[in-house]
Amino acid sequence: MSGSAPSIPNLLTLRGRIGGGGVTRGRYRGVIHRGGRGHGPGAPSASAAHDATIQGTDTDAAVSRLSAVQIGYIDDPYAELFAQSGPGAARRLPIINRGTYARTTAIDKLVDKFLDDTESSPEGRQIVSLGAGTDTRSLRLFSPSAPTPRKRVIYHEIDFPAMCEKKQRIVCSAPQLRSILSDPDSVEELSQHGGGNSWHSKAVAEKHKGSELWVHGLDLRAIAASQQPQQPLPPGVPIGSRGLHASPFTPGSTTQHEEQTEETSLPQQREPLTLTSLNPNLPTLIISECCLCYLPPSTASSIVSFFTTTIQSSLSIVIYEPIKPDDAFGKMMVSNLAAREIRMPTLEVYKEAEDQERRLREAGFSGGEGKGIGGARSKTIEQIWEEWTSQEEKERVDALEGLDEVEEWKLLAGHYIVVWGWRGVGVDLEI
């Protein structure tokens, strides 16, 4: 994708400037937050091309992560394994590096809180990352040098089969990962749902005894379809052929697609969907970093519903998405999308922080009789920087490369949010 192609500005891969007196279009790179997880509706004829485009955006996300690592914002010794090398390839603008830092540390904070709360769970606990791509959180978590032992953590990642195969190839070929994960084993699952290239590995370090990584090659909309009434497939269309496609945060496009109803765009399933080793009786955390926002609201809700109905233990969720589409900056984002015939359907419904919190409460993250404690909270990236980052840490980050575009930072960071919810006894993500 050309660097001049119009797309939504993003806290990871922005390659331009926001005008000092107002918002200007600028020059932005195609964007995605992590991995090939942008999933929008598409016709079967365009499926393969769009899937390939989305999967390619993982490279850009990995380079953005590496930029923050190389400059010193975050510590991730595995980032370079997943980023293509080249002179100056990893350098991002300070405003983007700070966004990468704030988002990464915020989600890490919530993940750590969940794991701390569930440390005493006798059978373990599990994390499910939607559209994980080549994200390195599981590697950092299971690293021998990780600051905290994390025993009995079952970590699930779900993404396109090709993305899962790519990650397996890197894990198998990188000597430095041998101290983290055992040799991956192929997992035969989900063939009736269009899945493939699933694999499994175990954490090697004794301090993480009993922890495992399960990588599921699966079109996320198959999960949504499993929650929908079954409808017949059109003649000649194989199960799972309606893949997940490009999104506002990917350099893919949906120009070939006509508007479709949510019902006709969902992959239809012939058997109930199950994820190998997903234990309904374990405390569970779901992570969606700019994944669900590219789906129709009912599809995104069905994916969440799959987990709220499947998991019988305590359940938590962390979502990272853009908000505020109706102000000047938000309208520019939406306009950039429309120029490429791409929509973010959930952004049209969950426009503000209170909408995102209500979304989680309506999904069941509110406690109540028979459910124990629960709640839904949110912070913009700007609030996370101001409220969750210590003064000492702010000074350290400022010293790395400085930030001249303070107002630009506030504008951009105010349009991204981390929203999280929890339900059930034994987990409290009140921060």
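Glycine is no exception: its Cβ is also placed from the backbone N, Cα and C atoms.
Glu289 (S-adenosyl-L-methionine binding site) carries a strand DSSP state (E or B). Summarising the annotation, Swiss-Prot assigns S-adenosyl-L-methionine binding site to Arg103, Gly131, Asp159, Asp219, Leu220, Glu289 and lists similarity to another entry as the type of evidence.
The region 'Disordered' feature in Swiss-Prot is assigned to 228-268.
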Neighbour count (Cβ, 10 Å) for Asp219 (S-adenosyl-L-methionine binding site): 26
Structural state of Gly131 (S-adenosyl-L-methionine binding site), classified by DSSP into three states: coil
